[in-house]
Ligand SMILES: CC(=O)N[C@H]1[C@@H](OP(=O)(O)OP(=O)(O)OC[C@H]2O[C@@H](n3ccc(=O)[nH]c3=O)[C@H](O)[C@@H]2O)O[C@H](CO)[C@@H](O)[C@@H]1O[C@H](C)C(=O)N[C@@H](C)C(=O)N[C@H](CCC(=O)O)C(=O)O
Ligand SMILES: Nc1ncnc2c1ncn2[C@@H]1O[C@H](COP(=O)(O)OP(=O)(O)OP(=O)(O)O)[C@@H](O)[C@H]1O
(Lines of atoms letter the chains of each structure in order from A and count residues from 1; the text may use other names and numbers.)
(Lines give C-alpha, C1' and ligand atoms only; values in the text may rest on other atoms or scores of the structure.)
(Ligands and ions follow the chains in the order given, each with its own letter.)
Protein backbone atom coordinates (compact mmCIF):
# COMPACT_ATOMS: atom_id res chain seq x y z
CA UNK A 1 0.00 0.00 0.00
CA UNK A 2 1.24 3.47 -0.82
CA UNK A 3 1.00 5.77 2.20
CA UNK A 4 1.47 9.52 1.92
CA UNK A 5 2.33 10.36 5.50
CA UNK A 6 1.87 14.11 5.53
CA UNK A 7 -1.68 13.78 4.19
CA UNK A 8 -2.74 11.11 6.71
CA UNK A 9 -5.29 12.69 9.02
CA UNK A 10 -4.68 13.00 12.79
CA UNK A 11 -1.10 11.75 12.55
CA UNK A 12 0.28 14.81 14.38
CA UNK A 13 3.74 14.54 12.90
CA UNK A 14 6.34 16.60 14.79
CA UNK A 15 9.03 16.14 12.16
CA UNK A 16 9.66 14.09 9.03
CA UNK A 17 12.92 13.23 7.23
CA UNK A 18 13.23 11.55 3.82
CA UNK A 19 10.46 10.75 1.28
CA UNK A 20 6.91 11.78 2.29
CA UNK A 21 5.46 8.58 0.83
CA UNK A 22 6.42 4.91 0.80
CA UNK A 23 5.03 1.59 -0.38
CA UNK A 24 4.63 -0.65 2.66
CA UNK A 25 2.78 -3.90 3.32
CA UNK A 26 3.36 -4.58 7.00
CA UNK A 27 3.64 -2.93 10.43
CA UNK A 28 5.75 -3.97 13.39
CA UNK A 29 6.74 -2.80 16.87
CA UNK A 30 9.34 -5.54 17.27
CA UNK A 31 12.54 -5.54 15.24
CA UNK A 32 12.51 -9.35 15.05
CA UNK A 33 9.08 -9.40 13.41
CA UNK A 34 9.60 -7.34 10.25
CA UNK A 35 7.98 -8.53 7.07
CA UNK A 36 9.32 -6.15 4.36
CA UNK A 37 8.51 -3.55 3.19
CA UNK A 38 7.42 -2.50 6.65
CA UNK A 39 6.88 0.38 9.06
CA UNK A 40 8.77 -0.02 12.33
CA UNK A 41 7.41 1.74 15.44
CA UNK A 42 10.06 2.50 18.09
CA UNK A 43 8.42 2.11 21.49
CA UNK A 44 10.27 3.17 24.61
CA UNK A 45 9.15 0.45 26.98
CA UNK A 46 9.79 -0.47 30.58
CA UNK A 47 12.91 -2.52 29.80
CA UNK A 48 13.91 -1.72 26.22
CA UNK A 49 13.95 1.27 23.92
CA UNK A 50 12.76 0.42 20.40
CA UNK A 51 15.01 3.23 19.01
CA UNK A 52 17.95 0.95 19.81
CA UNK A 53 16.70 -1.47 17.17
CA UNK A 54 16.33 0.92 14.22
CA UNK A 55 19.35 -0.40 12.35
CA UNK A 56 18.26 -3.97 12.96
CA UNK A 57 14.78 -3.14 11.64
CA UNK A 58 16.21 -1.45 8.54
CA UNK A 59 18.41 -4.45 7.79
CA UNK A 60 15.31 -6.65 7.98
CA UNK A 61 13.40 -4.44 5.53
CA UNK A 62 11.80 -1.53 7.38
CA UNK A 63 11.18 1.37 4.98
CA UNK A 64 9.59 3.74 7.47
CA UNK A 65 10.69 4.36 11.05
CA UNK A 66 8.32 6.10 13.45
CA UNK A 67 9.55 7.14 16.88
CA UNK A 68 9.76 9.87 19.48
CA UNK A 69 13.50 10.49 19.78
CA UNK A 70 14.18 13.22 17.20
CA UNK A 71 17.96 13.12 17.61
CA UNK A 72 18.20 9.40 16.90
CA UNK A 73 15.72 9.61 14.01
CA UNK A 74 17.53 12.53 12.37
CA UNK A 75 20.92 10.81 12.71
CA UNK A 76 19.55 7.58 11.24
CA UNK A 77 17.99 9.53 8.37
CA UNK A 78 21.32 11.00 7.34
CA UNK A 79 22.62 7.44 6.89
CA UNK A 80 19.49 6.23 5.04
CA UNK A 81 18.18 9.15 2.94
CA UNK A 82 15.90 6.87 0.84
CA UNK A 83 13.93 5.81 3.93
CA UNK A 84 11.29 7.82 5.79
CA UNK A 85 11.79 8.81 9.44
CA UNK A 86 8.90 10.34 11.36
CA UNK A 87 8.84 11.75 14.84
CA UNK A 88 5.58 11.98 16.79
CA UNK A 89 4.56 12.89 20.34
CA UNK A 90 2.66 9.70 21.17
CA UNK A 91 4.01 6.58 19.50
CA UNK A 92 1.25 4.17 20.54
CA UNK A 93 -1.48 6.57 19.45
CA UNK A 94 0.24 7.01 16.06
CA UNK A 95 0.66 3.24 15.73
CA UNK A 96 -3.11 2.81 16.19
CA UNK A 97 -3.95 5.50 13.63
CA UNK A 98 -1.63 4.03 10.99
CA UNK A 99 -2.84 0.47 11.71
CA UNK A 100 -6.47 1.44 11.33
CA UNK A 101 -5.66 3.12 7.99
CA UNK A 102 -3.45 0.27 6.74
CA UNK A 103 -6.02 -2.44 7.50
CA UNK A 104 -8.81 -0.34 5.95
CA UNK A 105 -10.81 0.52 9.07
CA UNK A 106 -11.88 -3.10 9.73
CA UNK A 107 -13.45 -2.19 13.08
CA UNK A 108 -16.03 -0.12 11.22
CA UNK A 109 -17.28 -3.13 9.28
CA UNK A 110 -17.79 -5.10 12.52
CA UNK A 111 -20.01 -4.53 15.54
CA UNK A 112 -17.41 -3.90 18.23
CA UNK A 113 -18.05 -4.84 21.84
CA UNK A 114 -15.45 -3.81 24.42
CA UNK A 115 -15.48 -5.43 27.85
CA UNK A 116 -13.70 -4.01 30.86
CA UNK A 117 -13.66 -4.87 34.55
CA UNK A 118 -11.33 -6.42 37.08
CA UNK A 119 -13.00 -9.82 36.89
CA UNK A 120 -15.18 -11.37 34.25
CA UNK A 121 -13.80 -9.94 30.99
CA UNK A 122 -12.91 -13.33 29.51
CA UNK A 123 -16.19 -14.86 30.64
CA UNK A 124 -18.31 -12.03 29.27
CA UNK A 125 -16.39 -11.99 25.97
CA UNK A 126 -17.16 -15.71 25.60
CA UNK A 127 -20.83 -15.22 26.54
CA UNK A 128 -21.21 -12.31 24.10
CA UNK A 129 -19.55 -14.31 21.32
CA UNK A 130 -21.78 -17.28 22.04
CA UNK A 131 -25.02 -15.33 22.47
CA UNK A 132 -24.58 -13.19 19.36
CA UNK A 133 -23.61 -16.24 17.31
CA UNK A 134 -26.74 -18.05 18.58
CA UNK A 135 -28.73 -15.01 17.47
CA UNK A 136 -27.25 -15.35 13.98
CA UNK A 137 -24.58 -12.65 14.09
CA UNK A 138 -21.21 -14.25 13.43
CA UNK A 139 -18.99 -13.10 16.28
CA UNK A 140 -15.31 -13.51 17.07
CA UNK A 141 -13.43 -12.62 20.23
CA UNK A 142 -10.10 -11.19 21.31
CA UNK A 143 -8.66 -11.76 24.79
CA UNK A 144 -6.92 -13.97 27.31
CA UNK A 145 -8.07 -17.20 25.66
CA UNK A 146 -6.67 -16.09 22.30
CA UNK A 147 -8.32 -15.04 19.08
CA UNK A 148 -11.52 -16.74 18.00
CA UNK A 149 -13.63 -16.33 14.91
CA UNK A 150 -17.27 -17.45 15.13
CA UNK A 151 -16.28 -21.07 14.52
CA UNK A 152 -12.61 -21.62 15.37
CA UNK A 153 -9.57 -20.51 17.32
CA UNK A 154 -7.22 -18.61 15.02
CA UNK A 155 -3.44 -19.07 15.15
CA UNK A 156 -1.88 -16.01 16.75
CA UNK A 157 1.37 -15.40 18.61
CA UNK A 158 0.51 -13.26 21.60
CA UNK A 159 2.66 -10.31 22.64
CA UNK A 160 0.46 -9.41 25.64
CA UNK A 161 -1.66 -11.64 27.91
CA UNK A 162 -5.09 -10.12 27.25
CA UNK A 163 -5.53 -7.13 24.92
CA UNK A 164 -3.12 -7.08 21.96
CA UNK A 165 -1.26 -3.99 20.77
CA UNK A 166 -3.31 -1.77 18.40
CA UNK A 167 -1.71 -2.96 15.22
CA UNK A 168 -2.51 -6.57 16.10
CA UNK A 169 -6.08 -5.60 17.00
CA UNK A 170 -6.69 -3.94 13.64
CA UNK A 171 -4.99 -6.83 11.83
CA UNK A 172 -7.22 -9.33 13.69
CA UNK A 173 -10.33 -7.27 12.96
CA UNK A 174 -9.39 -7.31 9.25
CA UNK A 175 -8.99 -11.09 9.44
CA UNK A 176 -12.37 -11.48 11.18
CA UNK A 177 -14.04 -9.22 8.67
CA UNK A 178 -12.48 -11.21 5.78
CA UNK A 179 -13.78 -14.39 7.44
CA UNK A 180 -17.26 -12.86 7.14
CA UNK A 181 -17.66 -12.25 10.85
CA UNK A 182 -20.12 -9.51 11.75
CA UNK A 183 -18.98 -8.67 15.26
CA UNK A 184 -16.09 -8.93 17.69
CA UNK A 185 -16.18 -9.12 21.50
CA UNK A 186 -12.95 -7.74 22.85
CA UNK A 187 -11.50 -7.79 26.36
CA UNK A 188 -10.13 -4.32 27.04
CA UNK A 189 -7.74 -4.20 29.98
CA UNK A 190 -6.88 -1.04 31.90
CA UNK A 191 -3.30 -1.37 30.68
CA UNK A 192 -4.53 -1.54 27.08
CA UNK A 193 -6.54 1.63 27.61
CA UNK A 194 -3.53 3.36 29.13
CA UNK A 195 -1.38 2.29 26.19
CA UNK A 196 -3.81 3.36 23.43
CA UNK A 197 -4.20 -0.22 22.21
CA UNK A 198 -7.87 0.39 21.29
CA UNK A 199 -7.35 3.97 20.11
CA UNK A 200 -9.58 4.87 17.17
CA UNK A 201 -12.28 2.26 17.86
CA UNK A 202 -15.73 3.68 18.48
CA UNK A 203 -17.23 0.71 20.32
CA UNK A 204 -20.85 -0.17 19.52
CA UNK A 205 -21.20 -1.47 23.07
CA UNK A 206 -18.94 -1.03 26.12
CA UNK A 207 -19.56 -3.46 28.99
CA UNK A 208 -18.48 -2.96 32.60
CA UNK A 209 -18.37 -5.96 34.93
CA UNK A 210 -16.83 -4.80 38.23
CA UNK A 211 -13.88 -3.00 39.77
CA UNK A 212 -11.56 -3.97 42.62
CA UNK A 213 -7.87 -3.70 43.37
CA UNK A 214 -5.60 -5.17 40.65
CA UNK A 215 -2.58 -4.34 38.53
CA UNK A 216 -1.07 -1.94 41.05
CA UNK A 217 2.35 -3.20 39.93
CA UNK A 218 1.57 -1.20 36.77
CA UNK A 219 -0.85 1.56 37.73
CA UNK A 220 0.69 2.33 41.15
CA UNK A 221 -2.56 3.93 42.38
CA UNK A 222 -6.11 2.66 42.36
CA UNK A 223 -7.24 6.04 40.97
CA UNK A 224 -5.05 5.62 37.89
CA UNK A 225 -6.36 2.07 37.45
CA UNK A 226 -9.98 3.31 37.60
CA UNK A 227 -9.34 6.32 35.33
CA UNK A 228 -7.87 4.05 32.68
CA UNK A 229 -10.90 1.75 32.77
CA UNK A 230 -13.28 4.72 32.55
CA UNK A 231 -11.67 5.72 29.23
CA UNK A 232 -13.49 2.88 27.47
CA UNK A 233 -16.81 4.64 28.05
CA UNK A 234 -15.53 7.78 26.32
CA UNK A 235 -15.27 5.80 23.09
CA UNK A 236 -18.56 3.86 23.18
CA UNK A 237 -21.89 4.40 21.44
CA UNK A 238 -23.83 2.44 24.09
CA UNK A 239 -22.97 1.02 27.51
CA UNK A 240 -23.93 -1.85 29.81
CA UNK A 241 -23.17 -1.25 33.48
CA UNK A 242 -23.27 -3.46 36.58
CA UNK A 243 -24.87 -1.17 39.16
CA UNK A 244 -24.11 -3.61 41.99
CA UNK A 245 -20.46 -2.67 41.65
CA UNK A 246 -19.23 -0.15 44.23
CA UNK A 247 -15.88 0.24 42.49
CA UNK A 248 -16.74 2.37 39.49
CA UNK A 249 -20.39 2.03 38.40
CA UNK A 250 -21.25 5.47 39.84
CA UNK A 251 -18.41 7.14 37.96
CA UNK A 252 -19.62 5.65 34.67
CA UNK A 253 -23.23 6.64 35.36
CA UNK A 254 -22.16 10.21 36.22
CA UNK A 255 -20.14 10.71 33.06
CA UNK A 256 -21.67 8.53 30.37
CA UNK A 257 -24.30 10.27 28.23
CA UNK A 258 -25.18 7.63 25.60
CA UNK A 259 -27.85 4.89 25.74
CA UNK A 260 -27.33 2.81 28.86
CA UNK A 261 -28.54 -0.56 30.14
CA UNK A 262 -27.88 -1.35 33.79
CA UNK A 263 -28.00 -4.79 35.40
CA UNK A 264 -28.17 -6.11 38.94
CA UNK A 265 -28.66 -9.15 41.13
CA UNK A 266 -29.75 -7.16 44.17
CA UNK A 267 -33.36 -7.07 45.29
CA UNK A 268 -33.76 -3.32 45.91
CA UNK A 269 -32.66 -2.28 42.47
CA UNK A 270 -33.83 0.01 39.73
CA UNK A 271 -31.64 -1.72 37.16
CA UNK A 272 -33.00 -2.31 33.65
CA UNK A 273 -32.11 -6.01 33.84
CA UNK A 274 -32.60 -7.74 37.14
CA UNK A 275 -32.09 -11.41 38.07
CA UNK A 276 -33.68 -12.92 41.17
CA UNK A 277 -34.37 -16.34 42.69
CA UNK A 278 -31.08 -17.73 41.39
CA UNK A 279 -30.89 -21.49 41.97
CA UNK A 280 -28.14 -23.81 40.93
CA UNK A 281 -28.19 -27.54 40.15
CA UNK A 282 -25.78 -29.97 38.48
CA UNK A 283 -26.50 -28.52 35.00
CA UNK A 284 -26.48 -24.79 35.62
CA UNK A 285 -28.51 -21.91 37.02
CA UNK A 286 -32.22 -21.10 37.03
CA UNK A 287 -33.41 -17.55 37.69
CA UNK A 288 -36.14 -15.01 37.09
CA UNK A 289 -35.16 -12.20 34.75
CA UNK A 290 -37.08 -8.94 34.99
CA UNK A 291 -36.94 -6.48 32.11
CA UNK A 292 -39.39 -3.69 31.28
CA UNK A 293 -41.90 -4.90 33.90
CA UNK A 294 -41.98 -8.45 32.56
CA UNK A 295 -40.49 -11.46 34.29
CA UNK A 296 -39.04 -14.41 32.37
CA UNK A 297 -38.02 -17.78 33.87
CA UNK A 298 -34.60 -18.68 32.51
CA UNK A 299 -32.14 -21.54 32.61
CA UNK A 300 -28.51 -20.90 31.64
CA UNK A 301 -25.79 -23.58 31.68
CA UNK A 302 -23.48 -21.50 33.92
CA UNK A 303 -22.54 -21.75 37.60
CA UNK A 304 -22.25 -19.02 40.18
CA UNK A 305 -24.24 -15.86 40.88
CA UNK A 306 -21.49 -13.73 39.36
CA UNK A 307 -21.79 -15.70 36.13
CA UNK A 308 -25.52 -14.97 36.12
CA UNK A 309 -24.49 -11.30 36.37
CA UNK A 310 -22.08 -11.88 33.48
CA UNK A 311 -24.95 -13.39 31.47
CA UNK A 312 -27.05 -10.28 32.17
CA UNK A 313 -24.29 -8.11 30.70
CA UNK A 314 -24.28 -10.21 27.52
CA UNK A 315 -28.08 -9.91 27.34
CA UNK A 316 -27.73 -6.12 27.73
CA UNK A 317 -25.30 -6.11 24.83
CA UNK A 318 -27.70 -8.08 22.60
CA UNK A 319 -30.52 -5.67 23.51
CA UNK A 320 -28.34 -2.70 22.53
CA UNK A 321 -27.66 -4.38 19.20
CA UNK A 322 -31.39 -4.53 18.52
CA UNK A 323 -32.46 -8.05 19.53
CA UNK A 324 -35.70 -8.50 21.44
CA UNK A 325 -35.92 -10.24 24.80
CA UNK A 326 -38.00 -13.01 23.22
CA UNK A 327 -35.30 -13.69 20.65
CA UNK A 328 -32.67 -13.74 23.40
CA UNK A 329 -34.48 -16.09 25.78
CA UNK A 330 -35.18 -18.46 22.93
CA UNK A 331 -31.43 -19.20 22.60
CA UNK A 332 -29.93 -18.38 26.01
CA UNK A 333 -30.22 -21.98 27.27
CA UNK A 334 -27.51 -22.95 24.76
CA UNK A 335 -25.01 -20.35 25.93
CA UNK A 336 -21.36 -21.47 25.98
CA UNK A 337 -18.65 -20.14 28.29
CA UNK A 338 -14.86 -20.11 28.17
CA UNK A 339 -12.56 -22.91 29.34
CA UNK A 340 -11.14 -22.71 32.85
CA UNK A 341 -13.84 -20.48 34.28
CA UNK A 342 -15.95 -22.54 36.69
CA UNK A 343 -15.23 -25.53 34.48
CA UNK A 344 -16.62 -28.57 36.29
CA UNK A 345 -14.99 -31.90 35.42
CA UNK A 346 -16.72 -34.98 36.87
CA UNK A 347 -14.34 -37.72 37.95
CA UNK A 348 -14.59 -41.29 39.37
CA UNK A 349 -15.53 -41.77 43.05
CA UNK A 350 -18.09 -39.00 42.75
CA UNK A 351 -15.32 -36.43 42.76
CA UNK A 352 -15.42 -33.14 40.92
CA UNK A 353 -12.43 -31.12 39.80
CA UNK A 354 -13.28 -27.46 39.21
CA UNK A 355 -10.88 -25.28 37.22
CA UNK A 356 -11.27 -21.58 37.76
CA UNK A 357 -8.98 -18.74 36.86
CA UNK A 358 -9.83 -16.71 40.01
CA UNK A 359 -6.67 -14.82 40.84
CA UNK A 360 -7.85 -11.83 42.86
CA UNK A 361 -9.06 -11.95 46.48
CA UNK A 362 -12.51 -10.73 45.39
CA UNK A 363 -12.84 -13.37 42.67
CA UNK A 364 -11.61 -16.09 45.03
CA UNK A 365 -14.13 -15.10 47.69
CA UNK A 366 -17.05 -15.15 45.25
CA UNK A 367 -15.89 -18.40 43.74
CA UNK A 368 -15.73 -20.16 47.11
CA UNK A 369 -19.19 -18.88 47.98
CA UNK A 370 -20.56 -20.39 44.75
CA UNK A 371 -18.69 -23.69 44.97
CA UNK A 372 -20.11 -24.21 48.46
CA UNK A 373 -23.59 -24.28 46.94
CA UNK A 374 -22.73 -27.59 45.22
CA UNK A 375 -22.84 -31.00 46.97
CA UNK A 376 -19.56 -32.42 48.26
CA UNK A 377 -17.91 -34.24 51.18
CA UNK A 378 -14.75 -32.15 51.62
CA UNK A 379 -13.46 -29.09 49.81
CA UNK A 380 -9.81 -29.00 48.72
CA UNK A 381 -8.60 -25.68 47.33
CA UNK A 382 -5.36 -24.81 45.60
CA UNK A 383 -4.37 -21.13 45.49
CA UNK A 384 -1.30 -19.60 43.88
CA UNK A 385 0.89 -16.57 44.21
CA UNK A 386 1.56 -15.16 40.73
CA UNK A 387 5.23 -14.23 40.51
CA UNK A 388 4.80 -11.77 37.65
CA UNK A 389 2.06 -9.84 39.46
CA UNK A 390 1.65 -7.62 42.52
CA UNK A 391 3.27 -9.16 45.62
CA UNK A 392 0.87 -7.22 47.90
CA UNK A 393 -2.03 -9.28 46.57
CA UNK A 394 -0.53 -12.61 47.62
CA UNK A 395 -1.19 -12.52 51.41
CA UNK A 396 -4.74 -11.33 50.68
CA UNK A 397 -5.40 -14.57 48.79
CA UNK A 398 -4.34 -16.48 51.93
CA UNK A 399 -6.49 -14.32 54.21
CA UNK A 400 -9.46 -14.97 51.96
CA UNK A 401 -9.12 -18.76 51.92
CA UNK A 402 -8.15 -19.41 55.55
CA UNK A 403 -10.92 -21.33 57.33
CA UNK A 404 -12.90 -21.78 54.10
CA UNK A 405 -11.65 -25.21 52.97
CA UNK A 406 -10.82 -28.60 54.45
CA UNK A 407 -7.42 -28.66 52.78
CA UNK A 408 -5.49 -25.74 51.28
CA UNK A 409 -2.57 -26.06 48.89
CA UNK A 410 -0.46 -22.97 48.26
CA UNK A 411 1.58 -22.94 45.08
CA UNK A 412 3.18 -20.64 42.50
CA UNK A 413 2.01 -19.50 39.07
CA UNK A 414 4.41 -17.88 36.62
CA UNK A 415 7.35 -17.36 38.99
CA UNK A 416 8.98 -15.17 36.33
CA UNK A 417 12.42 -14.22 37.61
CA UNK A 418 11.48 -14.84 41.26
CA UNK A 419 12.50 -17.79 43.39
CA UNK A 420 9.23 -19.82 43.81
CA UNK A 421 9.97 -20.15 47.53
CA UNK A 422 9.88 -16.36 47.83
CA UNK A 423 6.42 -16.30 46.21
CA UNK A 424 5.04 -19.08 48.43
CA UNK A 425 6.50 -17.38 51.53
CA UNK A 426 4.79 -14.14 50.57
CA UNK A 427 1.39 -15.90 50.26
CA UNK A 428 1.98 -17.66 53.59
CA UNK A 429 2.39 -14.33 55.44
CA UNK A 430 -1.38 -13.85 54.97
CA UNK A 431 -2.37 -16.88 57.09
CA UNK A 432 -3.04 -16.38 60.81
CA UNK A 433 -1.95 -19.99 61.39
CA UNK A 434 0.48 -20.83 58.58
CA UNK A 435 1.59 -24.04 60.33
CA UNK A 436 -1.95 -25.52 60.48
CA UNK A 437 -1.93 -29.17 59.42
CA UNK A 438 -4.38 -28.58 56.56
CA UNK A 439 -2.18 -25.96 54.85
CA UNK A 440 0.30 -27.44 52.37
CA UNK A 441 2.82 -25.88 50.00
CA UNK A 442 4.27 -26.77 46.60
CA UNK A 443 6.90 -24.92 44.64
CA UNK A 444 5.45 -25.63 41.18
CA UNK A 445 1.90 -25.57 39.87
CA UNK A 446 2.31 -29.15 38.64
CA UNK A 447 3.17 -30.39 42.13
CA UNK A 448 0.41 -28.23 43.58
CA UNK A 449 -2.22 -29.84 41.36
CA UNK A 450 -0.88 -33.31 42.18
CA UNK A 451 -0.87 -32.57 45.91
CA UNK A 452 -4.47 -31.31 45.83
CA UNK A 453 -5.58 -34.47 43.98
CA UNK A 454 -3.67 -36.75 46.37
CA UNK A 455 -5.40 -35.14 49.35
CA UNK A 456 -8.85 -35.95 47.97
CA UNK A 457 -11.26 -38.75 48.92
CA UNK A 458 -14.61 -39.98 47.61
CA UNK A 459 -17.18 -37.24 47.02
CA UNK A 460 -14.70 -34.37 47.38
CA UNK A 461 -14.45 -31.23 45.29
CA UNK A 462 -10.94 -30.28 44.23
CA UNK A 463 -10.93 -26.61 43.28
CA UNK A 464 -7.85 -25.48 41.35
CA UNK A 465 -7.65 -21.70 41.11
CA UNK A 466 -5.45 -19.15 39.33
CA UNK A 467 -4.00 -20.60 36.13
CA UNK A 468 -2.02 -20.47 32.96
CA UNK A 469 -1.52 -17.90 30.27
CA UNK A 470 -1.16 -19.52 26.82
CA UNK A 471 -1.12 -23.03 28.35
CA UNK A 472 2.25 -22.21 29.83
CA UNK A 473 4.06 -21.12 32.96
CA UNK A 474 6.26 -18.06 32.57
CA UNK A 475 9.62 -18.94 34.09
CA UNK A 476 12.65 -16.65 33.69
CA UNK A 477 11.14 -14.95 30.64
CA UNK A 478 10.31 -18.25 28.90
CA UNK A 479 6.94 -19.92 28.36
CA UNK A 480 7.19 -23.47 29.72
CA UNK A 481 4.24 -25.62 28.52
CA UNK A 482 1.83 -26.60 31.29
CA UNK A 483 -1.61 -28.16 31.28
CA UNK A 484 -3.71 -28.75 34.40
CA UNK A 485 -5.99 -31.09 32.47
CA UNK A 486 -3.08 -33.31 31.38
CA UNK A 487 -1.94 -33.60 35.02
CA UNK A 488 -5.49 -34.37 36.14
CA UNK A 489 -6.02 -36.99 33.40
CA UNK A 490 -2.68 -38.58 34.28
CA UNK A 491 -3.58 -38.74 37.96
CA UNK A 492 -6.95 -40.43 37.39
CA UNK A 493 -5.53 -42.83 34.79
CA UNK A 494 -2.87 -43.97 37.28
CA UNK A 495 -5.29 -44.13 40.21
CA UNK A 496 -7.60 -46.43 38.21
CA UNK A 497 -4.77 -48.88 37.40
C1 LIG B 1 3.95 -3.60 31.03
C2 LIG B 1 3.55 -3.75 29.60
O3 LIG B 1 2.49 -3.36 29.21
N4 LIG B 1 4.43 -4.40 28.82
C5 LIG B 1 4.19 -4.51 27.40
C6 LIG B 1 5.10 -3.54 26.72
O7 LIG B 1 6.39 -3.92 27.09
P8 LIG B 1 7.47 -2.89 27.44
O9 LIG B 1 6.91 -1.51 27.36
O10 LIG B 1 8.14 -3.30 28.68
O11 LIG B 1 8.44 -3.16 26.19
P12 LIG B 1 9.99 -3.47 26.21
O13 LIG B 1 10.22 -4.90 26.43
O14 LIG B 1 10.66 -2.49 27.11
O15 LIG B 1 10.36 -3.13 24.70
C16 LIG B 1 10.17 -1.83 24.13
C17 LIG B 1 9.99 -1.96 22.65
O18 LIG B 1 11.19 -2.47 22.07
C19 LIG B 1 10.85 -3.46 21.15
N20 LIG B 1 11.97 -4.39 20.98
C21 LIG B 1 12.48 -5.04 22.06
C22 LIG B 1 13.52 -5.97 21.89
C23 LIG B 1 14.02 -6.21 20.58
O24 LIG B 1 14.92 -7.03 20.34
N25 LIG B 1 13.48 -5.51 19.55
C26 LIG B 1 12.48 -4.62 19.71
O27 LIG B 1 12.01 -4.04 18.74
C28 LIG B 1 9.61 -4.13 21.74
O29 LIG B 1 8.83 -4.78 20.76
C30 LIG B 1 8.86 -2.92 22.29
O31 LIG B 1 8.05 -2.36 21.27
O32 LIG B 1 4.98 -3.61 25.32
C33 LIG B 1 5.31 -4.92 24.81
C34 LIG B 1 5.14 -4.84 23.30
O35 LIG B 1 3.81 -4.76 22.99
C36 LIG B 1 4.38 -5.97 25.43
O37 LIG B 1 4.76 -7.24 24.96
C38 LIG B 1 4.49 -5.91 26.93
O39 LIG B 1 3.53 -6.78 27.47
C40 LIG B 1 4.04 -7.68 28.45
C41 LIG B 1 4.30 -9.05 27.83
C42 LIG B 1 3.01 -7.82 29.56
O43 LIG B 1 3.12 -8.69 30.39
N44 LIG B 1 2.03 -6.96 29.58
C45 LIG B 1 1.01 -7.03 30.62
C46 LIG B 1 1.38 -6.23 31.83
C47 LIG B 1 -0.31 -6.50 30.03
O48 LIG B 1 -0.33 -5.74 29.08
N49 LIG B 1 -1.40 -6.96 30.63
C50 LIG B 1 -2.73 -6.51 30.27
C51 LIG B 1 -3.76 -6.94 31.31
C52 LIG B 1 -3.82 -8.42 31.56
C53 LIG B 1 -4.98 -8.76 32.48
O54 LIG B 1 -6.16 -8.62 32.10
O55 LIG B 1 -4.75 -9.19 33.61
C56 LIG B 1 -3.12 -7.02 28.89
O57 LIG B 1 -4.00 -6.41 28.30
O58 LIG B 1 -2.57 -8.02 28.41
N1 LIG C 1 -18.61 -10.81 37.36
C2 LIG C 1 -17.68 -11.34 38.16
N3 LIG C 1 -17.53 -10.88 39.42
C4 LIG C 1 -16.59 -11.38 40.24
N5 LIG C 1 -15.77 -12.39 39.91
C6 LIG C 1 -15.88 -12.88 38.67
C7 LIG C 1 -16.83 -12.37 37.74
N8 LIG C 1 -16.71 -13.07 36.60
C9 LIG C 1 -15.72 -13.93 36.79
N10 LIG C 1 -15.22 -13.83 38.03
C11 LIG C 1 -14.12 -14.58 38.64
O12 LIG C 1 -12.91 -14.10 38.10
C13 LIG C 1 -12.17 -15.17 37.48
C14 LIG C 1 -11.57 -14.65 36.21
O15 LIG C 1 -12.61 -14.49 35.28
P16 LIG C 1 -12.30 -13.98 33.84
O17 LIG C 1 -11.13 -14.71 33.30
O18 LIG C 1 -13.55 -13.97 33.07
O19 LIG C 1 -11.86 -12.49 34.22
P20 LIG C 1 -10.88 -11.53 33.48
O21 LIG C 1 -11.37 -10.16 33.78
O22 LIG C 1 -10.82 -11.91 32.06
O23 LIG C 1 -9.49 -11.76 34.14
P24 LIG C 1 -8.08 -11.81 33.37
O25 LIG C 1 -8.02 -10.76 32.31
O26 LIG C 1 -7.10 -11.56 34.44
O27 LIG C 1 -8.08 -13.15 32.76
C28 LIG C 1 -13.20 -16.26 37.23
O29 LIG C 1 -12.61 -17.47 37.16
C30 LIG C 1 -14.15 -16.08 38.39
O31 LIG C 1 -13.65 -16.72 39.51
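From the backbone N, Cα and C atoms, a Cβ is placed for every residue, glycine too.
TrEMBL annotations: computationally assigned, not manually curated.
These figures come from a predicted structure and were not determined experimentally.
Sequence annotations record features per position, and here TrEMBL assigns domain 'Mur ligase N-terminal catalytic' to 33-100. Regional average pLDDT for the domain 'Mur ligase N-terminal catalytic' (33-100) in the model is 95.
Look at TrEMBL and you will find 115-318 tagged as domain 'Mur ligase central'.
As annotated by TrEMBL, ATP binding site applies to 117, 118, 119, 120, 121, 122, 123. The Cβ of residue 117 (ATP binding site) has 27 neighbouring Cβ atoms from other residues within 10 Å, across all protein chains displayed.
According to DSSP, residue 229 (N6-carboxylysine) sits within a helical segment. The N6-carboxylysine annotation in TrEMBL covers 229.
Helix, strand and coil residue tallies for the domain 'Mur ligase C-terminal' (340-466), in that order: 39 helix, 33 strand, 55 coil [DSSP]. If you look up TrEMBL, you'll see 340-466 marked as domain 'Mur ligase C-terminal'.
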Residue 229 (N6-carboxylysine) CB neighbourhood, other CB atoms within 10 A: 24
Secondary structure tally of the domain 'Mur ligase N-terminal catalytic' (33-100) (DSSP, helix then strand then coil): 30 helix, 17 strand, 21 coil
Euclidean distance between Cα atoms of residue 229 (N6-carboxylysine) and residue 123 (ATP binding site), Å: 18
Residues that sit under 8 angstroms from residue 120 (ATP binding site) by C-beta distance, when 6+ apart in the chain: 209, 210, 306, 309, 310, 313
Most Cβ neighbours inside 10 Å, all chains, among the binding-site residues 118, 123: 123
Cα-Cα distance linking residue 229 (N6-carboxylysine) and residue 117 (ATP binding site), given in Å to the nearest integer: 7
Residue 117 (ATP binding site): secondary structure state under DSSP, collapsed to three categories: coil
C-beta crowding around residue 121 (ATP binding site), within 10 angstroms: 24
